[in-house]
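Enquirer: Checked Swiss-Prot, it gives:
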| type | residues | note |
| --- | --- | --- |
| ACT_SITE | 231 | active site, proton acceptor |
| BINDING | 15, 35, 128, 152, 322 | FAD binding site |
């Protein structure tokens, strides 16, 4: 049996795995993905795409494609102000006694989606069944090999790589793949995680649920009271748990398709007992619309849980997405977190594989993403509990949605001059501090608008003030000496980037000759308040530390808090 060699093997072809293949390909890294299912999902989950995830998709040229596949998410008040446009969805969560009584519905959550000052893009609504093919096609176009109906039967890992047994499920043929690294994006139950013996912490299983995708014309019923989620009383049906604190949930999927969810006790009722007709009747009862024509398109059982892996790395193997963290769907954080895991890991693997970074850079994947994954899981748990049982204690623990999605921060060896007590701050602080994503400022280039967020992608970026032209020579020298792509962009002055609104220095807090060092994933790695005497030496020292090449000590300003 021949052995195929590949730099990175990805197990799991959901949103996280496909994103990993795409982002690795963006950085020029060959990879192979194997997925046991026959194709991308037909299940309708993970519809809400955060502005941060949209930024990542924008970075690989997919923003317009996603926008064309789904409606824009807007604030409820804004939607009403605009006359309730059909091509927009208000992000509103309500609780009602039935769809026949929406005029008395109570608004549970109506978060602000005003991210124009934070991001060059915004949240959109695009279900997993539509997003996965988009990611797959772009990853393949960029050179990734993606094999569905193919599973990893077993693997062994050693100090130099991973050896995996791969099975083509259509033919039964076995083959061997030798990879430098393995990304386990193989879901909640993650055989890879279990094989490695990585344990998890959290609340564990919350309950067994049934999700029913159905088609029904509810346009007139919900007219003027549109929502993304509506909590309804559980119908008095055999097998449906009658717990007042756990209601049924109705969620919009698209114009005339909806997802209805309820909990059941598997000790008393098996999933097979929920036939299409029975599910349709449960939906009619819960909505209070006994004559509603319902076409059940799919019903699937699933387990709601709250768990975070205690480690994201074991030698040459990395956990990502649901394999690393899983939580209730409240907040729409799950898929976004998995895509962001993949984005964080991809540039680091690329740097190590290309020989421009030391292996210790890969340790920063866990240093950065594990605290975020655990904190986001906790925020989803808090939201889930708060929506069902409001309390002042839960309100105090709750973080605003855009803060969880965009405002988080990293503390790691790849962030210099800053350390933070927790990954999600109490308020937005996108001001150019190390560990945060670069603040969004609209700049001008060649007569067009470009965001500071758009300037990275496949290289480090030095973003300097208008009198920081000398950073260009420093960046060029360091790039040549280290063999690392470093682009320099003085903003204003004689540079190609203009600051038409005069917002750059005020937003970043830089002096006119200071600079930010931005990582390929868009996060600030280091900042210099002023141009140092030896700009090239300071920049080189910073990059060597970030890339785990030496223990040099760069200048810059230390930040805490």
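Cβ atoms here come from the backbone N, Cα and C positions, even for glycine.
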Enquirer: Check the DSSP secondary structure of residue 128 (FAD binding site), expressed as helix, strand or coil.
Expert: helix
Enquirer: What whole-number value in Å do you get for the largest C-alpha pair distance within 15, 35, 128, 152, 322, the residues recorded as binding FAD?
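Expert: Roughly 23 Å, rounded to the nearest whole number.
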Enquirer: What's the CA-CA gap between residue 15 (FAD binding site) and the residue listed as 'active site, proton acceptor' in angstrom, rounded?
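Expert: Rounded to the nearest whole number, the Cα-Cα distance is 27 Å.
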Enquirer: Does DSSP give the residue listed as 'active site, proton acceptor' helix, strand or coil?
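Expert: Looking at the DSSP assignment, the residue listed as 'active site, proton acceptor' belongs to a strand.
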Enquirer: What's the CA-CA gap between residue 152 (FAD binding site) and the residue listed as 'active site, proton acceptor' in angstrom, rounded?
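Expert: The residue listed as 'active site, proton acceptor' has its Cα 40 Å from the Cα of residue 152 (FAD binding site).
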Enquirer: How far is it from residue 128 (FAD binding site) to the residue listed as 'active site, proton acceptor', counting Cα to Cα, in Å?
Expert: 22
Enquirer: State the three-class DSSP label for residue 35 (FAD binding site), counting H, G and I as helix, E and B as strand, and everything else as coil.
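Expert: Looking at the DSSP assignment, residue 35 (FAD binding site) belongs to a strand.
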Enquirer: Give me the long-range Cβ neighbours of residue 35 (FAD binding site): same chain, 6+ apart, Cβ under 8 Å, in sequence order.
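Expert: Long-range Cβ contacts: 12, 13, 14, 17, 146, 147, 148, 149, 150.
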